[in-house]
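**Q** Below is the structure I would like to discuss, written out as structure tokens.
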Amino acid sequence: MGSVDHCLAGVTVGSGHNINKTAGLNIISSMPNLQHTQNKIVIGDDGYVLEDVPHLSDYIPNLPTYPNPLQDNPSYSVVKQYFVNVDDAVAQKIVVHKNSPRGKHFRRAGPRQKVYFEPDDVYACIVTCGGLCPGLNTVIREIVCGLYHMYGVSRVVGIDGGYRGFYSKNTIPLTPKVVNDIHKRGGTILGTSRGGHVTKKIVDSIQDRGMNQVYIIGGDGTQRGAAVIFEEIRRRGLNVAVAGIPKTIDNDIPVIDKSFGFDSAVEEAQRAISAAHVEATSFENGIGVVKLMGRDSGFIAMYATLASRDVDCCLIPESPFYLEGRGGLFEYIEHRLKENGHMVIVIAEGAGQGLVSESLKSTDPSGNKLLPDVGLWISERIKEHFLKQKKMVINLKYIDPTYMIRAIPSNASDNVYCTLLAQSAVHGAMAGYTGFTVGPVNGRHAYIPFNRIIEKQNKVVITDRMWARLLSSTNQPSFLRTRDIIKANKEEEPPTQLANDSTSTDENLVEKQILC
């Protein structure tokens, strides 16, 4: 396959798809009606598809290039191959059949032989947005140190207080000395906030201050904002690279293997679960309830449960449950108390929201729906049920470690991961790529278009083996009715020739699976 680095000369920007042949490949440019971001798609042989990211040269002609300073960096003198090959791509799916098409790929992250910025001309800024997450300070530190030590960039500043800091506050000078020890602290030294995204004011500030590299750290909402900022920068024809570093403690960003801070959150959640277990085992009919993060995705609750082995029941947003009646949660609690004399329940903050009567209608400044405290609600319902209906005395302790977990510094695993994310983002921006998010795909770091990151949320697949492993660990019932299983299967599986079969046939098959 020929070299297709970033040059897309002749590609027309507009709705639909425009195909050009470059080096024997079909290059498709598409602009969906609901999104302004232009998709760069390269079609190769045997079903090869590269979902490429934008490059400054796509809309600014005749940009000069410079030798990459890394080739003279003594730290890299022992590296066998300094630079990533221009044709290197990372496959989105690695489990295939012998006749499967090669499938979708993303451009591999890493340093290139040529850069599009002179180090002395770079004026970079870093902003953190949204909620706190372990590892924020580590990412900040490694962007600063990467720019300074790998590329010789000396002008790096932080934006104070999230997106609104672009137009309402002064910048914070950042040097390796300033950020030297910040990875040992939780939170973010730059401050953060929700909302405050006024595109024109932000891009005006970037343009007026002469910034030409923007590093945006945040979750899916923040990355949506980054995509809009990139589009406005491209519309104005500015020579500014926009790079996103995905941050969400819930691990709900799609495509990438995981988000930073997740491992630290799972590890810290063990302390809360352990405390709940101690409380539960110390009293007759003791129940420990632990609420963990997870508005729409239950990954923290699931992995913390699997790691702990002290949990008897895990409830997540993706798996519906019911309280009363045969096979319900109350029946299972009664069974476990009679069997073991104690019980530990882990519940994600977004689980069971359909059952909570006092549903809040308001949202936070980021547009997230404000959720009622499901942990407190379910604790009260359990106590009420066993006291009034079962005449059974229980000792229930409720633990909510949410903000304690968010505020911790990242653990060793996340520190290494944050370093790779930050350095990959720096390499991409210096190489002239823009409008991208960086992250690992099947263990290899890649540059991913913004639209792929923000198109949907990553969620636990309750028909997958990992959820089955959890059910096997806790011995809890699935709480799923037949229609829930059918719905989950249809959401996760592609259409087949059996898609037109009647629902009753599906229900018969599911009933047979349950009986088996």
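Placed from the backbone N, Cα and C atoms, the Cβ positions cover glycine too.
Automatic prediction, not curation, is the source of TrEMBL annotations.
Given the structure is predicted, the values throughout are model-derived calculations rather than measurements.
Copied straight from TrEMBL:
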- Asp250: active site, proton acceptor (ACT_SITE)
- Gly131, Arg194, Gly195, Gly219, Asp220, Gly221, Thr222: ATP binding site (BINDING)
- Asp220: Mg(2+) binding site (BINDING)
- Thr248, Ile249, Asp250, Met293, Gly294, Arg295, Glu349, Tyr403, Met404, Ile405, Arg406: substrate binding site (BINDING)
- 125-427: domain 'Phosphofructokinase' (DOMAIN)
- Gly221: site 'Important for substrate specificity' (SITE)
**Q** Hey, how far is Gly195 (ATP binding site) from Thr248 (substrate binding site), Cα to Cα, in Å?
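**A** Here the two Cα atoms lie 16 Å apart.
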**Q** Can you tell me how far the Cα of Thr222 (ATP binding site) sits from the Cα of Gly294 (substrate binding site), in Å?
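**A** Gly294 (substrate binding site) has its Cα 18 Å from the Cα of Thr222 (ATP binding site).
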**Q** So which binding-site residues out of Gly131, Gly219, Gly221 end up within 10 angstroms of Arg406 (substrate binding site), measuring C-alpha to C-alpha?
**A** Gly131
**Q** Which of Asp220, Asp250, Glu349 (the recorded positions) has the most other Cβ atoms within 10 Å?
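**A** Checking each of Asp220, Asp250, Glu349, the winner is Asp250.
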**Q** Between the Cα atoms of Glu349 (substrate binding site) and the residue listed as 'active site, proton acceptor', what distance do you get, rounded to the nearest Å?
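**A** A Cα-Cα distance of 11 Å.
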**Q** Out of Thr248, Gly294, Met404, give those binding-site residues positioned within 10 angstroms of Asp220 (ATP binding site), comparing C-alpha atoms, in sequence order.
**A** Thr248
**Q** Could you measure between Gly219 (ATP binding site) and Thr248 (substrate binding site) for me? Cα positions, answer in whole angstrom.
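**A** Spelling it out, the Cα of Gly219 (ATP binding site) and the Cα of Thr248 (substrate binding site) are 5 Å apart.
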**Q** Closest of the recorded positions to Arg194 (ATP binding site), Cα to Cα, picking from Thr248, Asp250, Gly294, Met404?
**A** Thr248
